[in-house]
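Colleague: Copied straight from TrEMBL:
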type	residues	note
DISULFID	C211-C232	disulfide bond
DISULFID	C310-C331	disulfide bond
DOMAIN	46-158	domain 'Ig-like'
DOMAIN	165-260	domain 'Link'
DOMAIN	266-355	domain 'Link'
SIGNAL	1-15	signal peptide
Amino acid sequence: LRLLLKATLLWLASGSYRPFYNGFYYNHIMNDNGNGQDKVDYFNGAKLVVETSKDPVYSYNGANVTLPCQYRYEPDLGPKRKIRIKWSKLRDDYTKEQDVLVAIGKTYMAFGDFKGRAHIHQASRHEASLVISDVRLKDDGKYRCEVIDGLEDESDVIDLRLQGIVFPYQPPRGQYRLNFHEAEQVCQDQGAILANFNQLFQAWSEGLDWCNAGWLADGTVQYPIRLPRKPCGGVHLAPGIRSYGPRHRHLHRFDAFCFSSALKGEVFYLDRPAGMTLEEAKQSCQDAGAEIARVGQLYSAWKFLGLDRCDAGWLADGSVRYPIVTARANCGPAEPGVRTFGFPSKGRFGVYCYRER
């Protein structure tokens with residue numbers, strides 16, 4: 001023990017150990033001099049302040065978006081210094097962060113799904129804004145802008161929200177047939193992703209009322225109620241989001257709440273005098289230079305493009321639906337929405353197609 005203690009003290013005294021870098025020791029892959037040599041920074045005596053927008057930044061699927069982030073020193077240190085910038089995406093439960101990008105000077109590296117889509121925007125002094133190109137549905141969420149200057153390490157969080165719509169989904173085989181992983185897949189098949197709580201809450205505030213419980217992206221099972229009633233938690237409960245809490249992702253089975261954003265293309269309707277089978281409908285869309293529309297695309301066209309047709313049409317999952325913006329006689333209930341005929345095993349209908357612009 002005495003020999004071990006002596007060896008440790010000699011090692012510390014030699015100065016060969018590395019200083020603490022707040023968990024971000026990036027000099028092994030990039031450094032200010034570009035010569036592979038580690039550079040040691042020390043506390044500079046100024047307070048580092050990092051600020052992002054307090055309001056959410058809104059975008060939509062396929063767009064380009066900038067998440068603003070500025071930093072400064074109190075007192076000001078004069079000319080711009082080379083610092084480290086790190087952007088991370090937070091999970092809903094704040095348990096683990098997803099690395100998005102790190103940068104030192106003009107050198108940066110993006111990670112995972114953000115490779116080729118993310119870069120730093122530094123048009124002005126002390127700017128560390130993040131630009132994300134070709135925004136995807138799963139980009140929705142909270143992002144941390146972190147600035148590291150030697151031993152100083154400060155950060156702030158900004159919220160990126162995609163403009164979209166939440167819709168409940170049941171597979172052809174009926175109610176409560178999906179475990180969590182199957183729910184993820186059916187949403188993806190419909191051009192969507194599993195909704196998160198904030199998206200479901202927004203949909204509820206806009207009028208969504210659905211009495212069937214469905215999976216959300218965090219593995220919880222919930223459902224939105226605007227009009228309390230006996231089968232939906234009881235008449236004495238206030239309106240709101242009913243929650244079953246986290247469920248077993250393999251064993252428990254429910255429906256799904258999917259989230260789809262605005263479209264980069266258009267949804268249009270085709271028909272024949274005698275209608276079409278599902279296979280004929282798919283071929284008709286292909287002949288028109290398109291593909292048969294998915295459920296999420298029909299919901300998005302209804303919400304964002306004002307698609308309003310009282311004509312039942314096939315969709316890619318084998319369901320038959322139609323979108324109503326202005327309620328009218330012989331077109332279903334008295335409120336707007338996407339009507340469904342379910343999954344008919346036979347019958348002839350028109351078809352809704354989707355084509356990229």
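Backbone N, Cα and C define each Cβ position, glycine as well.
Where in this structure would I find these features, and how exposed are they?
Modeller: With a 10 A radius on its CB, C232 (disulfide bond) counts 19 other CB atoms from all the protein chains.
Less than 8 angstroms from the CB of C331 (disulfide bond) sit C310, Y322, I324, R339, each of them six or more residues away in the same chain.
For the domain 'Link' (266-355), the model gives a mean pLDDT of 96.
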Colleague: Treating G and I as helix alongside H, and B as strand alongside E, what does DSSP give for the domain 'Ig-like' (46-158) in helix, strand and coil?
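Modeller: Final tally across the stretch: 6 helix, 62 strand, 45 coil.
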Colleague: Non-local Cβ contacts of C211 (disulfide bond) (under 8 Å, 6 or more apart, same chain)?
Modeller: Y223, I225, R229, P231, C232
